[in-house]
Amino acid sequence: MALYPFTAIVGQTEMIRAMLIATVEPTLGGVLAFGDRGTGKSTAVRALAALLPTMRAVAGCRYHCDPAARSALCPECRNRRAAGRLASERVRIPVVDLPLGATEDRVVGALDLERALADGVKAFEPGLLARAHRGFLYIDEINLLEDHLVDLLLDVAASGENVVEREGLSLRHPARFVLIGSGNPEEGELRPQLLDRFGLCVEVKTPTDLDQRIEVVRRRDAFEHDQAGFTRRFAADEAALRRQLVTAMKLLPLVSVPEAILRLAAKLCIELGTDGLRGELTLLRAARAEAALEGDTVVTESHLRAVAPAALRHRLRRDPLDESLAGARVERAMAALFSQAAIAR
C-alpha cells in the first residue's frame, strides 16, 4: 500500500516544518502536534517515513547501531567489533508506531519465549524502543497513554538507553529516538513532565480557507482512486525535499549562532517567564536547523522568529489575566523584543 506523499500535504506549514527541523536536528527533543481530528497529523508522520533518507548502520544489527559511534554500540556490536567483524550497510531511518494498547513487554522488549521453549536459551526479543533507535517513535493520542508507559518513556528519553531487568534477563541497549506525539486536547491534557520533553509543539487546526479545504479533498480523493499515479505526480518534489534534508544534515555542524542572537533568545525566554534553560537550548537548536534547511551557515533573527512559537508555546505558565493562546503571547513578545533590538541598532 502506497503512502500519501509528504509534499502533497496541503497547508499545516508549521507542523510540516517542525517535522523537517526535528529530522535535521534529532537532539531537539521531538515534536508534539496537538489539534483537531482529521487534520493530517498521522498522515504527515507516515508520509515522513517514506521521505526520510537512508543512514549507515551495522549490518544485521537489531538496533541499527551507528558503526562510527563506538561508545553507543549495543552489546552484540561491541563483541563483533572486538572480533574485528563490524560490516555496515545503508538502511532506512525507522519510523515506529507505539499503539495505545501496547504492553510494557512490547515496548521495552522481553524474553524470546519461542527460543526459550525450543532451545532452552534465554534470548532477548527487542521491543519497539529498539526498533525506533536512531529513528522516530510515533504515538497517536499520546495524551491517553498509560502513566506507567509515560514514566518509562521519560526515563529512556533522559538516558538514551533502555534497561531491561526481567525473567532472568539483564540487558541494556541504546535507545535514542525522535519522539513524535499527536492528540486532541479535548480528550485530555498531557502530563507536564512529558510535555516539557518535546522540543517543538505545534497547533494543528482545521483549515478555514475555502480553496485550501477544496484542494485537500481533491488530492485525497485522487490518491484513493489511483495511489500509484498520484504518488508519481509528486515523486520529483519528494526527491527534491529528500536532497534538501540530506544537505541540511551535512550543513548543520557548520551553522554558527552570533552572540546577538543568543542574547535575543535569552531575553525572549526571560520575557515569557519560561522555567529552566531548556527553552533557550531548544530555541537555538531549532533555529540552527532552520538555518541549515535554508542553506545558511549563520543564524539570523528571521530563523529565530520562525521557530520561536513552536519551541516556546508549551513552556509558558498559564496567566489568568491573559486568556490569549500561548502562540499569540510568543508572537507579541517577539514583536516587542525585535523592535527594541532594531531601535538599538
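Including glycine, each Cβ sits where the backbone N, Cα and C put it.
Around Arg37 (ATP binding site), a 10 Å sphere centred on its CB holds 11 further CB atoms from the protein chains shown. The ATP binding site feature in Swiss-Prot is assigned to Gly35, Asp36, Arg37, Gly38, Thr39, Gly40, Lys41, Ser42; the stated evidence is sequence analysis.
Residues within less than 8 Å, Cβ to Cβ, of Gly38 (ATP binding site) and separated from it by at least 6 positions along the same chain comprise Thr206. There are 20 other CB atoms within 10 A of the CB of Gly35 (ATP binding site), with all protein chains counted.
Sequence-distant neighbours of Gly40 (ATP binding site) (same chain, 6+ apart, CB under 8 A from its CB) are Ile9, Gln12, Met15, Val204, Val216. Of the chain residues outside the ATP site list Gly35, Asp36, Arg37, Gly38, Thr39, Gly40, Lys41, Ser42, Ala33, Ser182, Asn184, Val204, Thr206 have their Cβ within 8 Å of the site's Cβ mean position. Cβ contacts within 10 Å of Asp36 (ATP binding site), excluding its own Cβ and spanning all protein chains shown: 15. Lys41 (ATP binding site) carries a helical DSSP state (H, G or I).
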